[in-house]
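Copied over from TrEMBL, here are the features:
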- 1-30: signal peptide (SIGNAL)
- 62-180: domain 'Purple acid phosphatase Fn3-like' (DOMAIN)
- 187-291: domain 'Purple acid phosphatase N-terminal' (DOMAIN)
- 303-516: domain 'Calcineurin-like phosphoesterase' (DOMAIN)
- 541-600: domain 'Purple acid phosphatase C-terminal' (DOMAIN)
Amino acid sequence: MRSLSFLSMEYLFLLMSILSQCLKFGSGTAAVVHAGNGDGVQPLSKIAIHKAVYALHENASVKAHPLVLGTKGGDSDWVTVEIECPKPSEDDWIAVFSPANFSSSICQPSDDMEQFPHICSAPIKYKYANDSDADYKKTGKSSLKFQLINQREDFSFALFSGGLSDPKLVAVSNVISFANPKAPLYPRLSQGKSWNEMTVTWTSGYNVIEAVPFVEWGMKGESQSRSPAGTLTFHQNDMCAPPARTVGWRDPGFIHTSFLKDLWPSSVYTYKLGHKLVDGSYVWSKSYSFKSSPYPGQDSLQRVVIFGDMGKAERDGSNEYSNYQPGSLNTTDQLIKDLKNIDIVFHIGDITYANGYISQWDQFTSQVERIASTVPYMIASGNHERDAPNSGSFYDGNDSGGECGVIAETMFYVPAENRAKFWYSTDYGMFHFCIADSEHDWREGSEQYKFIEKCLASADRRKQPWLIFVAHRVLGYSSSYWKDASFGEPMGRESLQGLWQKYKVDIAFFGHIHNYERTCPVYQGQCMHVGKSHYSGTVNGTIHVVVGGGGSHLSAFGPTQTSWSLYKDSDFGFVKLTAYNHSSLLFEYKKSSDGNVYDSFTISRDYRDVLACVHDGCEPTTLGS
């Protein structure tokens, strides 16, 4: 543990570094925005950090304690920040910086900056100084609590006046850090390329030249073996546009992936993450466990959770995430509460909404750790992961904030042939999933269209009767801002519904629109089955489900009433599928606020019903004998 005298010198060095680099220049109009109705704007993007100027006051102070976090082995800890300001204002705010030294001395030259900034790195989170003390403007004193997670670097806290739009640096705190900042953390499970393979991905501060990464694992209660891990990272020049290339950049550490192979079906395994240091010593994570996938076609209880657009939030109330992604923590907590009754999770795009603020990816993986370390956490690519101008995405906006897919495809493993093309198939027992990438061309004749047809055609419906299609954007049916039976993607429906009908897809899931909607089994705008709560017999038409209410600010429905829409809910929630056997499937829509079921239906049928001829879904026949 570092001594107080050392910390004082470290603080003095940090302060002098900032003083030496910062000069006053122009001021703007302060804007106080403490709360809102959910404008969908990434909170960190509201901070004009590149405009920050020096205004240090000798009588202002910021003190943070404890000095060392995670002394009991945890990867998160609470910090108390004491503020004293001689000229307090209602728009004063406290920023959390990591690394602790955020002066321009660490800035990298960039063509994306209009001018060389005084502070070139956005904070990882913030709070207003009066967040916990309404009398701050009178007293100039406040005590705030932040929950920090281990993000491989030290931390400092800075007091700014001038609001978020015209920040003036008033005071900087002492430095605090985690006891083991490089520790292996936040494991994410994923299905491998075969049914009996599980992948484990995690983040650490250890490069391969410092330590060799591996996973120690084995069937619960039996001897353990070790499997090596590959190591990846990415760099600032891998980003495609600001803010990921500029103020949003933060070193991601190192991402390791290990492949656990030849698993026995439906068996419980334990595992822990390890790094062997060059001196022969070891660094270990805590122990985790998972249940392996059932054999394809295995007749057993199988439970799948699907949602999109969850994002992340802050349990300490920072960053105004209550406006940006107000349902995120509720969804996370409901899944954790029911985790013993969940076998696999699909988060179908718009994962973190980091939008180029890279620190948020660590925070998201920390938020979902209890889920992703226990069951496979399968993701799809959304516009907030992939879209960037001139980067090859099908849509040319900058919804990813310059990430252009690099971060998502590195932080999470998916069993794709090419992870830069985020489409893949995966099996789970009686389910066959075809995961499309809506951010790449999916039109007829495209490379992805050929994959989708091959994936759908490859399903052995006797073994895997439940055929599920997944994409982020609504390539099918939604009545939100309704136009031509589609939310902005009529070409998707025109290109793909012939495949869904031909191969008799049971359910197509989409995110992107932040609400819930379920259709009847529909084809070419017509309901192919009557009834709302039970379907049996032939597979004629596909049920389309929008399940984008995972956590981000909600979307409204359009005024048009459509004949194929059976249930709408502008609220936060997720879907749970339960396959009891080859003939019986239960669908449930649950709200994140209470975990209760608000919409449901069942499907029952035999194999011959899947084989039966339906309109535009008949196998060719011959009159020959």
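The chain as shown is numbered from 1 upward.
Each Cβ is built from the backbone N, Cα and C atoms, and glycine gets one as well.
For the domain 'Purple acid phosphatase C-terminal' (541-600), the DSSP-based tally of helix, strand and coil residues reads 0 helix, 32 strand, 28 coil. DSSP labels the residues of the domain 'Purple acid phosphatase N-terminal' (187-291) in these numbers: 3 helix, 56 strand, 46 coil. Restricting the average to the domain 'Purple acid phosphatase C-terminal' (541-600) gives a pLDDT of 95.
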